[in-house]
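Single-structure report; data block below.
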Amino acid sequence: MLKLFAKYTSIGVLNTLIHWGVFAFCVYGMHTHQALANFSGFVIAVSFSFYANARFTFNATTTTLRYMMYVGFMGTLSAVVGWMADQCSLPPLITLITFSAISLVCGFIYSRFIVFRDIR
């Protein structure tokens with residue numbers, strides 16, 4: 001399990017760079033609300049994360065159902081964190097750090113035990 005989490009974390013670093021880049025562009029370049037910026041960053045980064053983790057972490061085939069399950073769960077998590085950040089007037093950097101930490105742990109657990117549960 002630790003080896004899987006290490007692989008998931010490695011892909012998560014790349015995913016985080018993608019997410020944070022899009023988030024920064026939306027907040028600072030387009031002046032959007034954090035909820036929209038966080039969700040936009042998520043949408044772009046989640047596809048990379050799903051396919052990379054399916055292939056390199058879980059050695060699994062990708063299916064539309066698995067993709068929809070992963071995107072649905074992680075998208076809801078992203079929107080909730082962004083909405084809460086707006087409600088609390090959190091600085092964007094705190095929002096990014098918070099979402100990155102929550103999504104790493106929750107995403108791994110959800111992927112391992114729900115999305116790719118029949119693998120390995």
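Each position is counted from 1, following the chain as shown.
Even glycines carry a Cβ here, placed using N, Cα and C.
Under the heading transmembrane segment, Swiss-Prot lists 10-30, 34-54, 65-85, 90-110.
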By a Cβ-Cβ criterion of under 8 Å, what residues six or more beyond either terminus of the transmembrane segment (90-110) are in contact with it?
4-5, 8-9, 12, 16, 19-20, 23-24, 27, 34, 37-38, 49, 70, 73-74, 77-78, 81-82, 84
Spatial neighbours of the transmembrane segment (65-85) not adjacent in sequence (6+ beyond its ends, CB under 8 Å) are 33-39, 41-43, 46, 49-50, 54, 92, 94-95, 98-99, 102-103, 106-107, 110-111, 114-116
